[in-house]
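A short write-up of the structure that comes next.
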Amino acid sequence: MNIYDLDLKGLTAQLTELGQPAFRARQIYAHLYKKLANDFAAMTDLPAALREQLTANLQIGSLELVREQTTDDGLTRKVLWRCPGDAVIETVLMIYPPDRATICVSTQAGCAMGCVFCATGKLGLLRNISSGEIMEQVLYFERYLRNEGAAIAKRHGGPVPDHITNLVFMGMGEPFANYERWWAAVERLNDKQGFNLGARNMTVSTVGLVKGIRQLADEALQVNLAVSLHAPNDQLRSELMPVNDRFDISDLMDAIRYYTDKTHRRVSFEYVLLDDKNDTPELAAQLASLVKGMLCHVNLIPWNPIPGTPLTRSHRERVTAFQRVVQAAGISCTVRVERGVEIAAACGQLAAIPSPTSPINLY
């Protein structure tokens, strides 16, 4: 059993079965999430007999590291993992000096949603991943920053964080299609006895599964919500995102209003810009009309290239023009800063395939 799949209560129960007192669970929990131990032998304040029991009955992690890639500036790093059963997932760390380090975490191997502009969607769903496999992605990069932060800072020529400050569930997969396991990881990440990352430092992105949006609104933890919108009308959104045939824009907006009314928290609308597809001033005006009056922010994303598609990204001038129309309606609207395009680590590029061997021509 992967020990990362156990919360403190579950770990306590497991140790009780091994004839151990409950306080040992708290000790082990601190080793895993505070000291970042990845070997029972390193837990030297535990009796040797207990360490032997742990080694015989539990394992620390189940992911196999296959490949690591880092951008030339050293500030974006992507890891490819092999899960038990041979499915693969990817995780990305993005460092924003001097004080922010964001990890982009996968919640499924592949994705069933089939968005036409996304590399992960072309894989189909391979399998859900466990809460422990989600945790393991985070702990790997927390350990990496703790051990390598000083070297990264020296290379960068200025301070960088030595720990993860923000987490986005925007990697491979649809988090709300794996809600139970995903939420178990969220609770463990937030647990003060565990990883102790504030809920407001976590953001989950969904294609628009309305049940999940409503369920998130009812949760006690205030995790931020981002919604992949990408079109302001049903005809175009269904063309880009098959999920719109199940939950149309009207259903989606009702769920989002429920979320904002219940939580009083702002929702981010993600809008990938595709040349001559969804980037016209007319569509910008439709988008502004759709979201006006909502507690929201619009995040425009110039599309990042993926193999095997005729799509192209919007030119800079069209991105700027689109943004101005939305802003003119009084709506907060920014353009996402690109990170990791050269190692296929940017938004929409995660597909667990080799990264480009030659530079990508963006325009």
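Quick reminder: no glycine exception, Cβ is built from N, Cα and C everywhere.
Record features, source Swiss-Prot:
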type	residues	note
ACT_SITE	E90	active site, proton acceptor
ACT_SITE	C347	active site, S-methylcysteine intermediate
BINDING	C111, C115, C118	[4Fe-4S] cluster binding site
BINDING	G173, E174, S205, S228, L229, H230, N304	S-adenosyl-L-methionine binding site
DISULFID	C104-C347	disulfide bond
DOMAIN	97-342	domain 'Radical SAM core'
Distance, C115 ([4Fe-4S] cluster binding site) to H230 (S-adenosyl-L-methionine binding site) (CA atoms, angstrom): 10
Candidate nearest C115 ([4Fe-4S] cluster binding site) in space, where candidates are the recorded positions E90, C104, S205, S228, N304 and distance is Cα-Cα: S228
Cα within 10 Å of N304 (S-adenosyl-L-methionine binding site) - qualifying recorded positions among E90, C104, C111, C118: C118
Secondary structure at G173 (S-adenosyl-L-methionine binding site), reduced by DSSP to three states: coil
Integer Cα-Cα distance in angstrom, C118 ([4Fe-4S] cluster binding site) to G173 (S-adenosyl-L-methionine binding site): 11
Site with most surrounding Cβ atoms, counting all protein chains shown within 10 Å, from the binding-site residues S228, N304: S228
Spatially closest candidate among E90, C104, C111, the listed recorded positions, to S205 (S-adenosyl-L-methionine binding site) (Cα to Cα): C104
Conformational class of H230 (S-adenosyl-L-methionine binding site) under the three-state DSSP mapping: coil
Fewest Cβ neighbours within 10 Å, where candidates are the recorded positions C104, C111, C115, C118: C115
Whole-number Å value of the largest CA-CA distance among G173, E174, S205, S228, L229, H230, N304, listed as S-adenosyl-L-methionine-binding: 19
Neighbourhood of G173 (S-adenosyl-L-methionine binding site), C-beta criterion under 8 angstroms, separation at least six: I89, S106, T107, Q108, A109, G110, C111, T120, L125, N128, I129
Packing count at E90 (active site, proton acceptor) (other Cβ atoms within 10 Å of its Cβ): 26
Cβ packing number for S205 (S-adenosyl-L-methionine binding site), 10 Å threshold: 21
Distance from C104 (disulfide bond) back to E90 (active site, proton acceptor), taken between C-alpha atoms, in Å: 9
